[in-house]
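Q: Quick one: structure below, then a few questions.
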Amino acid sequence: MRRPNLKWIVKASLLLLISLTLFVLITSWISSTPYTNKPVHHGVEPVPEKAGLSGDVKVKVPAIKQPEPQKPQEPDFEEDPELQKIDEPEPVEEEVDNPHPADDEPQQQPQEELQMAAPADASVKKDWHDYTFMEKDAKRVGLGEGGKASTLDDESQRDLEKRMSLENGFNALLSDSISVNRSVPDIRHPLCRKKEYVAKLPTVSVIIIFYNEYLSVLMRSVHSLINRSPPELMKEIILVDDHSDREYLGKELETYIAEHFKWVRVVRLPRRTGLIGARAAGARNATAEVLIFLDSHVEANYNWLPPLLEPIALNKRTAVCPFIDVIDHTNFHYRAQDEGARGAFDWEFFYKRLPLLPEDLKHPADPFKSPIMAGGLFAISREFFWELGGYDEGLDIWGGEQYELSFKIWMCGGEMYDAPCSRIGHIYRGPRNHQPSPRKGDYLHKNYKRVAEVWMDEYKNYLYSHGDGLYESVDPGDLTEQKAIRTKLNCKSFKWFMEEVAFDLMKTYPPVDPPSYAMGALQNVGNQNLCLDTLGRKKHNKMGMYACADNIKTPQRTQFWELSWKRDLRLRRKKECLDVQIWDANAPVWLWDCHSQGGNQYWYYDYRHKQLKHGTEGRRCLELLPFSQEVVANKCDTDNRFQQWNFGSFNKTALDNYSQDLVLSL
C-alpha cells in the first residue's frame with residue numbers, strides 16, 4: 001500500500017484554507033456595502049441643461065421658462081394638500097348628458113371598512129423647515145422672483161398679451177417669462193417660523209383638477225409644491241384632466257412630467273364631469289393617508305405642509321384649510337389677502353366670513369376652528385373622507401360641495417380648522433372670454449337643494465325663501481344614499497351646528513334683513529342739482545355725480561343708496577358698496593363688492609351735520625370736489641357744504657343707537 005504524499009496533503013490543505021478565508025472576507029464585504037447604482041431622486045429630478053418644453057408662445061403650445069436644476073430629494077417621496085375671493089370652478093364648454101364617471105374611467109374604489117390610524121405622539125416634535133432650500137431661494141434673481149409684480153417691456157406684444165389674458169383670465173404671456181421655480185415672499189406670521197410640529201406626519205396625495213389650464217401656470221403649481229414639501233411626506237401628485245381640449249395638455253404635458261418629475265401622474269377623464277366628479281375620481285385614485293385638494297393655479301409657500309397635517313395627525317376626523325394668498329392675475333404679484341376669518345354662508349348660499357374670536361386673536365400662529373370651508377384648498381384624512389361618503393356625486397359640475405362637506409364634517413363627529421402657518425398663493429382670475437355653460441337647466445340650485453334637503457333640516461326654508469321661487473321647480477334627485485349616510489353615522493342636527501359651531505352666523509347674516517338706517521338718493525348740499533351716481537359703471541369703478549332724480553326718496557337705481565344694517569353704504573338690493581382703499585387726502589371712492597366686515601366699507605350718517613362719515617373713528621367724510629365733480633373722502637369739516645348730504649329718508653332713532661350691537665329676534 002502506497003504511503004500518502006504528505007507534501008501534497010499539506011499544500012492542498014493550505015490552498016483550501018486560503019480559499020475559505022477569501023470567501024468569508026468577500027462575503028462579509030458584500031453584505032456591509034450598500035447597493036450604489038445611480039441614485040434615485042423622487043419628485044423633481046435634476047434637469048439637463050436644455051430639458052423641458054420650449055416653443056413660441058404665438059403657436060398653440062406655450063413656452064415654459066426653463067426650470068433650474070432642483071435639490072436632490074430623499075427616497076420614499078410622499079405628498080399632501082381656499083375666503084370670500086376663492087373663485088368658483090370655471091364653467092366649461094362641452095355639453096354632456098351623464099355627469100358621473102364612465103365605466104372606463106380609471107378608478108380606485110375605497111375599502112368598505114376603513115380603520116383609523118392611531119393618533120401621532122404630540123410630545124415628539126421637530127423643525128420641518130428646509131433652511132438650505134430657503135437660503136437658496138432667497139438668492140434667486142429674475143422676473144417675478146420673491147413674488148414681485150412683473151411686466152413685459154415689449155410693446156409689440158401688447159395685443160398678444162391682451163388676447164392671451166382674455167383666453168385664460170390671467171396674464172399667460174407674462175407667466176411664460178417667469179420661472180416655474182420662482183421664489184415667493186415668506187409672509188407668514190413671525191411665530192410660524194419658530195414652530196415645530198409632530199415628528200411623525202402622515203403621507204399625502206395632492207389632487208389637482210384642471211380643465212384647459214395654461215401650461216406654465218399648471219407646472220408652476222406642481223414645481224412649487226414639490227420644491228417646498230418634505231419629500232418623505234409627498235407620496236404623489238395626481239393631476240386630473242377633466243377632458244381638456246387644448247393640444248399642449250396632451251402629449252406635451254406628459255413629456256414634461258416624464259422628464260422632470262416622479263410620483264406625478266395624470267388621470268384622464270373620458271368625458272367632462274365638472275369639479276365635483278373630477279375630484280371624486282382623483283380621490284379614488286389616491287393612495288396616501290391624507291388627501292389634499294388644490295386648484296390648478298397656485299403656489300405653495302414655505303413649510304406649508306406640516307401645519308396643514310399636524311391637526312390631522314392628532315385627530316384623523318379633522319379637515320384643515322390653508323390661508324389663501326393672492327397672486328395678481330395681471331402681474332403675478334404674490335401678497336397676503338388678510339390674516340384670517342372664519343368661513344360662513346348667507347341665505348343665498350354665497351360664501352361669507354365671520355370675524356376671528358378673541359381667543360383666536362391671542363394665538364395668531366395656531367389653527368382656529370372654522371364652520372365652513374371655501375372649498376378650493378383643503379386637507380382631509382382619506383379614511384375620514386370615505387367614511388363620510390366622499391363627495392355627493394349627485395352634485396353636478398360645481399356649487400354646494402363645500403357646504404355639503406363642511407356640514408358632514410362637523411355634524412358627523414369631525415372638526416375643521418384654518419391653519420395660519422400654511423399659506424398658498426392663488427390666482428383669482430380677471431376678465432375672461434365667455435365660457436358656455438356645460439349643462440342645460442339649473443344645476444346650481446339643484447345642488448343647493450340636495451344639500452339643504454339632506455343636511456339643513458328646518459333651516460332649509462330660510463334658503464328657499466331667498467330663491468325667488470327657483471327651488472320650487474327644482475328636483476334634487478334621489479337622496480336615499482345621502483340620507484342613509486347621515487343615519488348610519490348618527491350625525492347631529494343642523495340646529496346643533498348653528499348653535500354650537502356657527503353660533504354667530506344668524507346675527508351676522510340674518511335670514512331676514514333688518515330695516516336699513518337710511519335710503520334714497522344722496523343729494524349734495526353744496527350743489528343741490530347733483531346726486532351721488534354710479535354713472536352706469538359696474539363695480540370696481542370710481543363713483544361720480546349726476547343730475548338728481550325728481551324724487552330723492554325713490555330715485556332711479558343708479559342713485560338709490562341704502563345705509564344697511566351691516567353699516568355699509570350700498571346700492572339698494574345689491575351687494576355693491578362704497579369702498580375707500582387709501583387713507584390719503586382726496587381718497588377716491590369706489591364701488592366694490594360688499595364684504596360686510598366694516599373696515600374700509602364702514603359708513604355712518606350724522607344727520608345733525610348731514611355728513612357721511614367713513615370708518616369707525618369718523619374722521620373722514622364723503623366730499624364732492626366742486627370743480628372736478630369727483631367724489632372723495634377727506635378729513636371731516638362741518639363748515640364744508642360739499643361734505644354735507646341730504647339722504648332721501650333716514651331713521652333718527654336707529655341712527656342714535658348706531659354703535660349698539662343688533663339684537664335680532666329670529
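Note: Cβ is positioned from N, Cα and C throughout, glycine not excepted.
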Q: Of Asn227, Asn651, which one does Swiss-Prot label N-linked glycosylation site?
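A: Record annotation (Swiss-Prot, N-linked glycosylation site): Asn651.
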Q: For the feature region 'Disordered' as recorded in Swiss-Prot, pick the matching range from 90-126, 127-163, 608-644.
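A: It is 90-126 that Swiss-Prot describes as region 'Disordered'.
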Q: Please identify which of Ser216, Ser221, Ser296 is recorded by Swiss-Prot as part of the substrate site containing Asp242, Arg272, Trp398, Arg429.
A: Ser296
Q: Among His189, His223, His363, His426, find me the residue Swiss-Prot lists at the same Mn(2+) site as Asp295, His297.
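A: Candidate in the recorded Mn(2+) site: His426.
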Q: Going by Swiss-Prot, which one of Cys421, Cys491 is joined to Cys412 by a disulfide bond?
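A: That would be Cys491, the partner Swiss-Prot lists for Cys412.
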Q: For Cys192, what is the disulfide-bonded cysteine listed in Swiss-Prot, choosing from Cys321, Cys421?
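A: Cross-referencing Swiss-Prot, the cysteine bonded to Cys192 turns out to be Cys421.
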Q: Of the recorded positions Asn181, Asp295, His297, His426, Asn651, which one sits closest to Asp242 (substrate binding site) when you measure Cα to Cα?
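A: Checked the recorded positions Asn181, Asp295, His297, His426, Asn651; minimum Cα distance to Asp242 (substrate binding site) goes to Asp295.
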Q: If you count Cβ atoms within 10 Å of each one, which of the binding-site residues Asp242, Asp295 comes out on top?
A: Asp242
Q: Neighbour count, 10 Å Cβ-Cβ cut-off, for Asn651 (N-linked glycosylation site): what number do you get?
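A: Counting Cβ neighbours of Asn651 (N-linked glycosylation site) within 10 Å gives 17.
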Q: I'd like to know which of the recorded positions Asn181, Asn285, His426, Asn651, Asn657 sit within 10 A of Ser296 (substrate binding site) at the Cα level.
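A: Taking Asn181, Asn285, His426, Asn651, Asn657 one by one, the ones whose Cα falls within 10 Å of Ser296 (substrate binding site) are His426.
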Q: Given the binding-site residues Arg272, His297, Arg429, which one is most crowded in terms of C-beta atoms within 10 angstroms?
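A: Highest number of other Cβ atoms within 10 Å: His297.
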Q: I need the CA-to-CA distance for Asn285 (N-linked glycosylation site) versus Asp295 (Mn(2+) binding site), whole Å please.
A: 17
